[in-house]
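Just below is one structure, and these are the notes that go with it.
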Amino acid sequence: MSAAVPVPAPPPVDPATAGEMAREAAAWCALHGLVVGDRADPRSATVPGVGLVHAPFSLLPAHLPESIWRQACELATIFNELVDRVSLDGKFLQDSLSKTRQVDDFTSRLLEIHRKMMEINKEENIRLGLHRSDYMLDLETNSLLQIELNTISTSFPGLGSLVSDLHRSLINQYVHLLSLEPKRVPGNAASSKFAEALARAWAEFNVDSAVVMMIVQPEERNMYDQYWLTNHLKESYGITTIRKTLSQVEAEGQVLPDGTLVVDGKKVAVVYYRAGYTPNDYPSEAEWSARLLIEQSCAVKCPSISYHLVGTKKIQQELAKPNVLERFLENKEEIAKLRKCFAGLWSLDDEEIVKTAIEKPELFVLKPQREGGGNNIYGLDLRETLTRLQKEGGDALAAYILMQRIFPKASLAYLVRGGICHEGLVISELGIYGAYLRNKDKVVINEQSGYLMRTKVSSSDEGGVAAGFAVLDSLYLTDKVKTKGDSRKAVSSKLHS
């Protein structure tokens, strides 16, 4: 994902004080539900309330210029609208992913469901998107660059919302030691905002007896992040949520002649996916049958199959091509704002860029059509993979895209995992949540809905918290900075130096 340039900035507290703060913070996590399942307990992923540990976290918030923060927040509503517009262009999705489907069975199966919905002219009148756009701040150019746009199972709105509260609490408690102001840690309402969007979609569906169905993995140690949304739906809106795996939906579900989805005897208004984004979630034909069954129904899908496809790496790369955004958006100012945050993205049809990546693999990331962390390819592995794919020939290269590697600022910080506090050189990644709800021609919601900050040791390429690479963090807003130049010019000069 990135490489780092060390910045010798020591943490604001000594190790002994950091240890004391970490113990206080771990207690806060237990009292406020900032918890995950303990990998050491085999039942922690299946039985709620058994085998809990605090979620991994950064002891103090990551610094970010306020101007960059505002830029990222402003982009959320534009990306929300873009996803919706692209989702309606079935031909664009099918054509753009046509080569990928030939070499990637998972994408092919998703496209097949999408094609079936196109053939019957299936319309999604009520469209709900809960997205997260991930960014890093490039050190050389001070530019905010997008890593990816997530349109399915965007994780950590529940736990991520709590970390800013934790950090404000620590800053207040240790104000005599820290030169930090609690008000500079922005509030994070992702959990309540996502729940509100789900509730509004339920209301638009307009069947009082219906439930929200959350699609989950059979084993889920991050269930408490999900239960925060369930809790908000019940306490704030009186809406019942049921949790089902795709195999359970296949066994218990049916679509009535009027399109109503019924699962375990309950009418379903909204299907919210917290699974289904990886091939591992489809171990048999039963899961694929369930996905098709849901798509055939009139329930609100979050996401629909078309929203899901918009979030693929290949579509991200296609949208970065010249004149493609103009196909979906009219506002030139908004188009310019999106383009400003695009990192370099290339198809592997570009022989020149593939050659350059083999020569200078440290400047690129090779990305397959996968979500969930741990899938990207870097460095010598990138070189070896590209060389092998070239020798194999055919369409194998179509399963990947190349992306400019982002070089963020690194700093020293304390990270806490499993009750142990350790100091490390770290980099951070900012995710901005967005909620979008449309009913036919009426936009009901289009807003920025909180954020997710993830911090990891700078030697780690991957950045997933659930996958064990990163910790949860929050933001500390600093003075505004001026951005320097265009990042693609900077990477161009690197590539040809």
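Here the Cβ of each residue, glycine as well, is placed from N, Cα and C on the backbone.
Where the annotation comes from TrEMBL, it is an automatic prediction and has not been curated.
The substrate binding site annotation in TrEMBL covers R132, 152-155, 220-222, Q226, 274-277, R454, 465-466. According to TrEMBL, the Mg(2+) binding site annotation covers E148, N150, E371. Marked as ATP binding site by TrEMBL: E148, K313, 367-376, Y378, 403-406, E429, K456, E462. Here TrEMBL flags 210-310 as domain 'Glutathione synthase substrate-binding'.
Where TrEMBL records a feature, it is marked here on the structure.
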| residue | record | Cβ contacts under 8 Å, 6 or more apart |
| --- | --- | --- |
| R132 | substrate binding site | L149, N150, T154, G431, I432, Y433, G434, L452 |
| Q226 | substrate binding site | G158, M214, V216, E220, R243, R274 |
| A275 | substrate binding site | S153, I215, V216, Q217, E220, T245, L246, D281 |
| P368 | ATP binding site | D104, K313, N375, N376, I377, A399, Y400 |
Pairwise Cα distance for Y277 (substrate binding site)/E148 (Mg(2+) binding site) [Å, integer]: 14
S155 (substrate binding site) to R405 (ATP binding site): how many Å between their Cα atoms? 23
How many other Cβ atoms sit within 10 Å of the Cβ of N150 (Mg(2+) binding site)? 21
Tell me the residue counts in helix, strand and coil for the domain 'Glutathione synthase substrate-binding' (210-310), as DSSP assigns them. 43 helix, 26 strand, 32 coil
Taking just the CA atoms, what is the gap between R221 (substrate binding site) and K456 (ATP binding site) in Å? 20
Of the binding-site residues Y378, R405, K456, which one sits closest to E148 (Mg(2+) binding site) when you measure Cα to Cα? R405
Fewest neighbouring Cβ atoms within 10 Å among the binding-site residues S153, S155 goes to S155
Tell me which of the binding-site residues R221, Y277, K456 sits in the most Cβ-dense spot, judged by other Cβ atoms within 10 Å. K456
CB neighbours of Y378 (ATP binding site) within 10 A? 19
Across all chains shown, how many C-beta atoms besides its own are within 10 angstroms of the C-beta of E148 (Mg(2+) binding site)? 20
